[in-house]
2 protein chains.
Amino acid sequence: MHSRPRDDDPRLGDLSEGEILRAILNRTARGAHTVIGPGDDAAVIAAPSGSVVATTDTLVHGPDFRMAWSSGFDLGWKSAAVNLADIAAMGARPTALLVALAVPRDLRLSFVESLADGFREACAALAPGCAVVGGDLTVSDVLTVAVTALGDLEGRQAVTRSGARVGDVVAVAGELGHAALGLSVLFGRFRDGDTPVPIDRAALGAGERAALDAQLRPSPPIGLGPFAAIAGATAMMDISDGLALDARRLAAASEVTIALDGGALGENVERALGGGEDHALLATFPPGIPPAGFRAIGEVVARGEDALLVDGAPVEASGWDPYRDWDSASG
Amino acid sequence: MHSRPRDDDPRLGDLSEGEILRAILNRTARGAHTVIGPGDDAAVIAAPSGSVVATTDTLVHGPDFRMAWSSGFDLGWKSAAVNLADIAAMGARPTALLVALAVPRDLRLSFVESLADGFREACAALAPGCAVVGGDLTVSDVLTVAVTALGDLEGRQAVTRSGARVGDVVAVAGELGHAALGLSVLFGRFRDGDTPVPIDRAALGAGERAALDAQLRPSPPIGLGPFAAIAGATAMMDISDGLALDARRLAAASEVTIALDGGALGENVERALGGGEDHALLATFPPGIPPAGFRAIGEVVARGEDALLVDGAPVEASGWDPYRDWDSASG
């Protein structure tokens, strides 16, 4: 069909949409819930509960990732993980992903193939049975990955942010502040002026490498979402913008105050409170010891002047607001 | 909260994410199928059939629309319509939209408000009961609208592309080639060199205005999708890339040849065959008169050397492939 020369790793602009889609689909697993997969006008996914949980989250080159720092695999993995976490935070089991890719014409095919691998492996590792069931491919000067995740409640009620009750224990599953530490490693160690430069992992200690992985390839505890729901979680959300900001949101939705125990937040309390992108699960449970996988970090108290207290005192709001914090000109 | 001056129509970069989301949500209707709407980690939508139909399609500034030509309302409407059409083409009823917006910081709030209006009104007009249930807002230099649509099969089997049988009648509902005519009006009449300039509708005849509407604010026959399924459609798809290309796809999936009657394709057969973006529904039905809303345009015959015939003769492949056809440098 195509008379142009083909090198081993062509640019996307030299391929047809069909060629690129075939390369992606060759690397896409079939999900356990997939009734009709990619290739038709739309996919069909089992929703045995009679409802479907749905969320969408986008990663844009610049504010959300840099190609100097993230491989295609990293980007696919992270794009999957952050969306799976939102499904898990409702107490649902992820069933399917849809991926809308907007790609520059000079991007290499191998990058997109690795991206597809990242999606597949993140599903296999974090949410077995879930798979990419559909997508869209378009051209853009800015590499953009918009993902929609679907999930099933398996007959349970959704666990919203608004169900926390006074006396509940506040608990968390997953890391706090590790992804933020990873970001600070990237910004502090792998820039030339404002320009990101490739990561030299050999130059890093084990802690820094782990933090980097938490930033570039996060592993939120997806299975603990449905587990928490079964265990009676009264409210739940994933921590995407930092514990302080997200705990405030949960407190506001539930019309309570969340009183955290600073001693339960690890060595660097400020980073645990302010650091986003770990996608840990924040949940409240009836009084007592939280279920396995969760650790108690505080208590729900009656709504006071402040929605969030740490060791009894109010804390400054902090967290990540892309509209305020990102400036494309300064890297 | 904010000490900066506020003019009547602030730029998004001067607002917080929360402020922008509130403005959007104020303009978002509640859907008939919405169990939990925007504001939590994920939405919950009724899926009474025990399955959910899902599709995603993205509009990127440059290849897919130009702000000089499309208002926010137009963009919201079209982004909804093209996704609703994919749901309808499976024979499903659209139930929900999720909208991932990536917006430049200098975009005006009023544009995003109009976009939300466009989504709401397109749902009201084309798919009553369907509504935006969730979304995501991020920063990008390239305005990008990635939409996921969900639908319910109401107990029916999905109508795929692969079910056409020899002897079936080939039928279409909706326009053919109007959106392409609209695009040619835009490119021919409203550019200064390669730069899009605002549309002067007064300079256009009624036919050109209608074609422009078909391009900027398409109204695919969404309700006829489920109707066709009930009437026994054996295969169906929406025509996004032109009748010739999409009929070939349906023929290939069904392992048949589609033999079209050129006389049934209107005055401009070439445009009807090649013009994309109308999102008409192409369907096959058991022999006989197709159901109301559909017009017969041909017949399914045994798979021959060519997947598509018009008046008995093969036709050149044509249609829109964004990877080949779009060059950002040339407008």
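Yeah, the Cβs are placed from backbone N, Cα and C, and that goes for glycine too.
Now, the feature entries from TrEMBL:
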type: BINDING; residues: A:Asp41, A:Asp86, A:Asp238; note: Mg(2+) 3 binding site
type: BINDING; residues: A:Asp41, A:Thr55, A:Asp86; note: Mg(2+) 4 binding site
type: BINDING; residues: A:Thr56, A:Asp57, A:Asp136; note: Mg(2+) 1 binding site
type: BINDING; residues: A:Asp57, A:Asp86; note: Mg(2+) 2 binding site
type: BINDING; residues: A:Asp64, A:Glu277, A:Trp320; note: substrate binding site
type: BINDING; residues: A:Gly135, A:Asp136, A:Arg161, A:Ser240; note: ATP binding site
type: BINDING; residues: A:Asp241; note: Mg(2+) 5 binding site
type: DOMAIN; residues: A:39-151; note: domain 'PurM-like N-terminal'
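Positions of TrEMBL features highlighted on the structure.
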| residue | record | Cβ within 10 Å |
| --- | --- | --- |
| A:Asp41 | Mg(2+) 3 binding site | 28 |
| A:Thr55 | Mg(2+) 4 binding site | 30 |
| A:Thr56 | Mg(2+) 1 binding site | 27 |
| A:Asp57 | Mg(2+) 1 binding site | 26 |
| A:Asp64 | substrate binding site | 24 |
| A:Asp86 | Mg(2+) 3 binding site | 30 |
| A:Asp136 | Mg(2+) 1 binding site | 21 |
| A:Arg161 | ATP binding site | 22 |
| A:Ser240 | ATP binding site | 22 |
| A:Asp241 | Mg(2+) 5 binding site | 20 |
If proximity means a C-beta under 8 angstroms from chain B, which of A:Thr56, A:Asp57, A:Asp136, A:Asp238, A:Ser240, A:Glu277 count? These are the binding-site residues.
A:Thr56, A:Asp57, A:Asp136, A:Asp238
For A:Gly135 (ATP binding site), just count the other CB atoms lying within 10 A of its CB, please.
26
Out of A:Thr55, A:Asp64, A:Gly135, A:Asp136, A:Ser240, which of these binding-site residues is nearest A:Asp86 (Mg(2+) 3 binding site) by C-alpha distance?
A:Thr55
For A:Asp238 (Mg(2+) 3 binding site), list the number of other Cβ atoms lying within 10 Å of its Cβ atom.
29
Per DSSP, what is the residue tally for the domain 'PurM-like N-terminal' (A:39-151) in helix, strand and coil?
35 helix, 46 strand, 32 coil
Cα-to-Cα gap, A:Asp41 (Mg(2+) 3 binding site) vs A:Asp57 (Mg(2+) 1 binding site), nearest whole Å:
22
Taking DSSP three-state, what's A:Ser240 (ATP binding site) in: helix, strand or coil?
coil
May I ask you to report the DSSP-based helix, strand or coil state of A:Glu277 (substrate binding site)?
coil
I need the nearest neighbour of A:Arg161 (ATP binding site) among the binding-site residues A:Thr55, A:Asp57, A:Asp136, using C-alpha distances.
A:Thr55
Would you kindly give the Cα-Cα distance separating A:Ser240 (ATP binding site) and A:Glu277 (substrate binding site), rounded to the nearest Å?
5
Report the nearest neighbour of A:Asp136 (Mg(2+) 1 binding site) in space among the binding-site residues A:Thr55, A:Asp64, A:Asp238, A:Ser240, A:Asp241, comparing Cα positions.
A:Thr55
How many other Cβ atoms are found within 10 Å of the Cβ atom of A:Glu277 (substrate binding site), counting all protein chains shown?
24
